[in-house]
Amino acid sequence: MEASLTARDRVGIQDFVLLDTYTSETAFLDNLRKRFHENLIYTYIGTLLVSVNPYKELDIYSKKQMDTYMGVNFFELPPHIYALADNAFRTMMSEFNNHFILISGESGAGKTEASKKILQFYAVSCPSTKVLNNVRDRLLLSNPVLEAFGNAKTLKNDNSSRFGKYMDIQFDHQGGAVGGHILSYLLEKSRVVHQNHGERNFHIFYQLVEGGEEDLLRWLGLERNCNSINDKSDWKTVRKALSVIDLSESDIENLFGIIASVLHMGNIKFEADARGYATLNNNQEMQWVSKLLGIPNQVLQQGLTHRKIEAKSEEVFSPFSVDHAVYARDALAKAIYGRTFSWLVNKINESLANMDSSRKTVIGLLDIYGFEVFSVNSFEQFCINYCNEKLQQLFIELTLKSEQEEYEMEGIEWEPVPYFNNKIICDLVEEKFRGIISLLDEECLRPGEATDLTFLEKMEDKIGGHPHFVTHKLADQKTRKTLKRGDFRLLHYAGEVTYCVVGFLDKNNDLLYRNGKEVMRQSKNGIIKHCFPSTEPDSKRRPETVVTQFKNSLVGLTEILMMKEPWYVRCIKPNEAKQPGHFDDVLVRHQVKYLGLMEHLRVRRAGFAYRRKYEIFLQRYKPLCPDTWPNWKGTATEGVRCLIKHLGYKSDEYKMGRTKIFIRHPRTLFATEDAFQVCKHKLATRIQAKYKGYKVKGGYLKQREAATKIETCWRGMMARRERQRRAWAVKVIKKFIKGFMNRHQPACTDNSEYLAYVRHSYLTRLKENLPKTVLEKDSWLNSPPILQEVSQVLKKIYIRHMVRKYVRGITPQRKAQVQSVVRDYFISILRLTLFFQGVSVSNLSDNFLILHVTCDDSKQKGDLVLQCDFLFEALTKLNVIANKQNCIHVVQGSVRFDIQPGREGFVDFKSGQESMVYRAKNGHLMVVSL
């Protein structure tokens, strides 16, 4: 969190506790607005999470984000609902105690989505086995089922929860989700029979009609129509979820039959007969209800048009007027739907039940309606706002308690915190005999003609002097203009709310005539039989009123929550148009007020704004003090004491607890953080310079080491080569000396290489010193003894050619060319003596001969193709010089020869009328002779 303070001017502060002007509502809104416009929808007030609905998808709920927040200190990362969920889970696991997360806010603020995100986080972060996965799936899929049957489209929200829900998630000692339990509060049953203009009934009615299969709709007597809000796709989700939570096909069939029967029941119309009694004007809808609920048509019809009266030992059926029949029909429809909803919650609980009796820890999720203020507020808003008063009372008590406990645990003196105690409002509503609830019940139960106005008069009489209660009659002249005669106004902790008393008595009674229950008991529908059991006592006493039942359930809920450690999520709606990026200051200010956020902030800031464990504080800010940087040798407490002394903290700016430092003012923390940022840049520069030097030195050392290795390897390789070269030289010299000593001996192994060297050396020198003219024939190079005979033959051949060309009278230019040819010819003869293998001639008079030689060098020429006028003399001499038998081959037709090593050619011989030599079409050399 501290790292984010550097950008506080642009993105605000992550924790409202660090607001310097914490009592200013304007400063609070400014900070909330800054963060909202940067898509930072979460902000803390201590451990309370404020969430602003962005009305758009944000990429902050991925699996990667979940992994990031798992096991991380609460304030270490930016505020997020995953951080709150993770810290509640880890605290539960470490302390082995129970927790709850209270999610509140007005309709459309994102409460349901927040609850889903927490469930999804636990589904991913908890250990996984086949059994645990089964429980996880049921926990997740219980949501779409409860949303379908308990949520509806309102003017403010397309998916508004019309009931309160508390879900316990049970964890084993390893942190695996092993079970759960759900409690529901105050389902808005009146929505079944009446919806305001622009609103809808519960989602399940539209999902069934829009998404149900044709055969199912035909069996239910329903017709498909078109609606929005993804009814068709949601139907598929709900249909799958019902199977996952272990509802049998029979239960599902009965459930759909009940939903369809409620729809048909709404179409039942009554008209008055001649005596003014109610009769049915269309029996078709009644027949569908009778069929779907499995109740005889006549029995059902009598139950909706007559009231059973018991007089002593007699039972009399008194006919209804049209108004009474409509009331009985609506009461029955509400009772059927309300009891079916309770049955469904119980079935979900059965599927989530954990059979292991070992002790479990739980995290509760309370997703409940927020404070509601409409243009016309009725009985439902009264109950909802009473619930919020009770939760605010609990909220302040638990917050003060946790603050006081932390101070005492750290050994810091607790300073009393001034705050608005809303007990006075709670007492106004719930006090025995004098509270509004008692007065309402009394008016509902008293004999005589009780009306909504008589209830208003009774309140004016009993509580007329209360400072938080006012009516048109009791108000001063100015206030009276804002109140109608049937209104009363309560001054709640969140502000004034005006209620219209019309409908209070009817909605509080919510009576179902006794014979209506008896009719339902004759049903063959399994769920209806369960919801209206024959064992239900038929007490003649009136049942508890709706508001009393709600009050008692709130008392039970409060007891549950008081035994758990609290965490809070406060959801805010930024605008009424559900428009992304639009922040309505007036609307948000109103919600900040009735959510009690300023009150909570004042409680958290009454003492010290900032507190951190010594280890965390020292680890971050130790660079600011030379004595603590870079490593502090003592305890963390001593290190922090040394650090704040160096920073010059005044005694009234901080307190040292047992494990934490408490800083009173945010400006002290901001100054420390700003100094740290300056120091951090200086340290970064020094570290960067050191690092660069380290990298350069490391690179140099690596290069030097590499150069040394290369040099060593190179020297070793050169030494090995020198040793090999010297060994070879010694061997060659030895052979040369040995050959020289045996040079006059016949050719053998000892002198063969030496003789070859002498022969090669002489022929090479002869090649360079051939006579240029016939007159220089006495300048012939002297030969070694072993080559004297070869030298004489070569001399005679060379001179004969030179003489022949000379005799023919060649020109000087031609003479030079001939000499060159002769030299090449002679050089070829020299090669012949070295590499001669054999000679091939044809059986014709063409004077051609092919000398076959051995040559391994691909750069040298191969066999020689020559034409010689003295063919027989040359062949004879070659045979003598080569000293080889059978070296002359006389062929007929064609001779193969090597042009170069690996490249062959052919000479074809034939007789003709004219001598010629040319290249044939097949690439062969063609020689034609006479």
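Even glycines carry a Cβ here, placed using N, Cα and C.
In TrEMBL, the annotation region 'Actin-binding' applies to 554-576, one of the ranges 71-93, 554-576, 669-691, 830-852. Summed and averaged per residue, pLDDT over the domain 'TH1' (723-930) gives 79. Listed in chain order, the extra residues whose Cβ falls within 8 Å of the Cβ center of the ATP site residues Gly105, Glu106, Ser107, Gly108, Ala109, Gly110, Lys111, Thr112 are Asn53, Asn157, Ser160, Gly370, Cys571, Lys573. For Ala109 (ATP binding site), applying a Cβ distance below 8 Å and a minimum sequence separation of six or more within one chain yields Ser51, Asn53, Gly370, Cys571, Ile572, Lys573, Gln591. Counted over every protein chain shown, other Cβ atoms within 10 Å are most numerous around Gly105 among the binding-site residues Gly105, Gly108, Gly110.
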